[in-house]
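S.K.: Taken from TrEMBL, the feature domain 'Nucleoside diphosphate kinase-like' applies to 2-137. Annotated ATP binding site per TrEMBL: Lys10, Phe58, Arg86, Thr92, Arg103, Asn117, in sequence order. Annotation comment: TrEMBL describes His120 as active site, pros-phosphohistidine intermediate.
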Amino acid sequence: MTERTLVLIKPDGVQRGLTGEILRRIEAKAYVIAQLTKSDAAPDQLAAHYAEHEGKPFYQPLVDFMLSGPIVAAVVEGNDVIKGFRSLAGQTDPTTAAPGTIRGDLGRDWGEKVQKNLVHGSDSVESAEREISIWFG
Ligand code: CMP
């Protein structure tokens, strides 16, 4: 089924100059980048985006990290792209993410309170629509 998903390239990915490499992997998989922006995240966008994690130990470090530099947001379209992008991204923890994935190939554990894992991808159709409206209105 054709879907759309919200991809964020987090500040570590942008700061390390990996935006092109990450977008290349998305396009190489024949997904379509329908919308693309680079901006500084606003605190209210992050509060909405990460509402489900509020209260967890990594919540505030995560928000601080996401405010530490510009991010790239993209709406990506394709057949089964929600599952497909999460497969391209790899597991949350860069240490155990499989080689061949974005996090497995390019991410590392920096030994900090938050996992700086380069990218975010929506986990369901409902999350994708909610997250796209947060970042693209
Ligand atoms: P993301 O897919 O954006 O969803 C929530 C983020 O919180 C996640 O990527 C990681 O950056 C971070 N995260 C999730 N679990 C942990 C954890 N156990 N410890 C630290 N950071 C985490």
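Heads up, the Cβ atoms here are built off N, Cα and C, so glycines get one too.
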S.K.: Between Arg103 (ATP binding site) and the residue listed as 'active site, pros-phosphohistidine intermediate', how many Å separate their Cα atoms?
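M.R.: Rounded to the nearest whole number, the Cα-Cα distance is 10 Å.
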S.K.: In the three-state scheme derived from DSSP, which category covers Lys10 (ATP binding site)?
M.R.: coil
S.K.: Minimum Cβ neighbour count within 10 Å among the binding-site residues Arg86, Arg103: which residue?
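M.R.: Looking at the binding-site residues Arg86, Arg103, the Cβ with the fewest others within 10 Å is that of Arg86.
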S.K.: When DSSP states are grouped into helix, strand and coil, how many residues of the domain 'Nucleoside diphosphate kinase-like' (2-137) land in each?
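M.R.: Summed over the domain 'Nucleoside diphosphate kinase-like' (2-137), the classes give 59 helix, 28 strand, 49 coil.
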S.K.: Among the binding-site residues Lys10, Arg86, Arg103, which have a Cβ atom lying under 6 Å from any atom of ligand 1?
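M.R.: Listed by sequence, the hits amount to none.
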S.K.: How many Å lie between the Cα of Thr92 (ATP binding site) and the Cα of the residue listed as 'active site, pros-phosphohistidine intermediate'?
M.R.: 9
S.K.: At its widest, how many Å does the recorded ATP site span between Cα atoms of Lys10, Phe58, Arg86, Thr92, Arg103, Asn117?
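M.R.: Overall maximum Cα spacing for these binding residues reaches 21 Å.
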S.K.: Which one of these binding-site residues, Thr92, Asn117, has the sparsest Cβ neighbourhood, judged by other Cβ atoms within 10 angstroms?
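M.R.: Among the binding-site residues Thr92, Asn117, the lowest count of other Cβ atoms within 10 Å belongs to Thr92.
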S.K.: Show me the subset of Lys10, Phe58, Arg86 whose Cα is within 10 Å of the residue listed as 'active site, pros-phosphohistidine intermediate'; these are the binding-site residues I mean.
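M.R.: The binding-site residues passing the 10 Å Cα test are Lys10, Arg86.
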S.K.: Here the recorded positions are Lys10, Phe58, His120; which one has the lowest number of other Cβ atoms no more than 10 Å from its Cβ?
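M.R.: So among Lys10, Phe58, His120, the recorded positions given, the one with the fewest Cβ atoms within 10 Å is Phe58.
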